[in-house]
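A.B. asks: Okay, here's the structure, questions in a sec.
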Amino acid sequence: MSKLRVAVLGARGRIGSEAVRAVEAADDLELVAALGRGDRLETLTDTGAQAVVELTTPASVMENLDFCLRHGIHAVVGTTGWTDERLAQLNTWLDDSPSTGVLIAPNFSIGAVLTMKFAERAARYFESVEVVELHHPNKVDAPSGTATRTAQLIAAARAEAGSAPQPDATTTALDGARGADVDGVPVHAIRLRGLLAHQEVLLGGEGETLTIRHDSLHHSSFMPGILLGVRRVVTTPGLTFGLEHFLDLN
């Protein structure tokens with residue numbers, strides 16, 4: 001059986017370089033291009049890439065995906081900064097390339113994805129819930145895409161269950177003291193030297209609390225999810241948001 005031809009965009013970054021090694025080590029994949037800033041996107045078509053792993057920046061991702069979709073190249077995207085407007089534009093491009101698949105994953109760690117699903121399942125049973133994400137100080141966005149996605153899943157689960165608004169008697173606070181409000185769920189971001197990527201979901205009810213925590217200790221923790229995404233996206237046309245849809249959790 002022929003190998004799937006894969007390219008990595010953002011190949012010189014920490015996660016990108018790890019992804020290059022992971023693709024090279026996979027028996028069923030062939031690394032055909034490893035592109036960094038300034039490299040020609042035409043290399044993707046020159047090398048016959050069938051799928052890309054997109055790990056660049058919010059400033060570059062739309063141009064890269066536009067090129068990929070115009071040439072029928074599937075994409076697994078870890079780049080953050082997604083807005084409703086950007087997603088709408090991406091769906092417009094996908095309408096013109098209906099057989100092409102795009103996976104956008106706020107987190108490629110399977111443990112982190114499971115943490116999100118556990119929190120979603122638990123949220124309806126507790127009166128209060130808050131999210132704390134902890135990352136290295138070089139991370140440019142806050143809160144993280146994972147924390148935002150977690151809060152959105154929690155909020156949707158609570159709305160479906162008819163949960164009351166969370167109790168909070170705070171009337172005065174310094175700016176940011178109660179975190180960011182994501183659909184009614186407080187999200188707190190910590191940036192600290194020595195950390196990589198960590199998240200806690202704190203749930204509280206009458207006389208008890210539950211803490212759901214995940215820790216990524218090395219960039220290698222993202223590789224099984226990236227490889228799963230590459231293998232599944234080529235048979236999943238359209239936009240898939242969240243790696244959980246490829247884990248058959250339901």
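Keep in mind that glycine also has a Cβ here, set from the backbone N, Cα and C atoms.
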A.B. asks: Of the ranges 38-57, 158-177, 218-237, which one does Swiss-Prot list as region 'Disordered'?
C.D. replies: 158-177
A.B. asks: Per DSSP, how many helix, strand and coil residues does the region 'Disordered' (158-177) have?
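C.D. replies: Per-class counts: 4 helix, 0 strand, 16 coil.
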A.B. asks: Could you give the Cα-Cα distance between T146 ((S)-2,3,4,5-tetrahydrodipicolinate binding site) and R12 (NAD(+) binding site), in whole Å?
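C.D. replies: Each residue's Cα considered, T146 ((S)-2,3,4,5-tetrahydrodipicolinate binding site) and R12 (NAD(+) binding site) end up 23 Å apart.
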A.B. asks: Nearest to G10 (NAD(+) binding site) by Cα, among H135, H136, K139, G145 (recorded positions)?
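C.D. replies: Result for G10 (NAD(+) binding site): the nearest of the recorded positions is K139.
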A.B. asks: In Å, rounded, how far does the Cα of G145 ((S)-2,3,4,5-tetrahydrodipicolinate binding site) sit from the Cα of P106 (NAD(+) binding site)?
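C.D. replies: Answer for this pair: 5 Å between alpha carbons.
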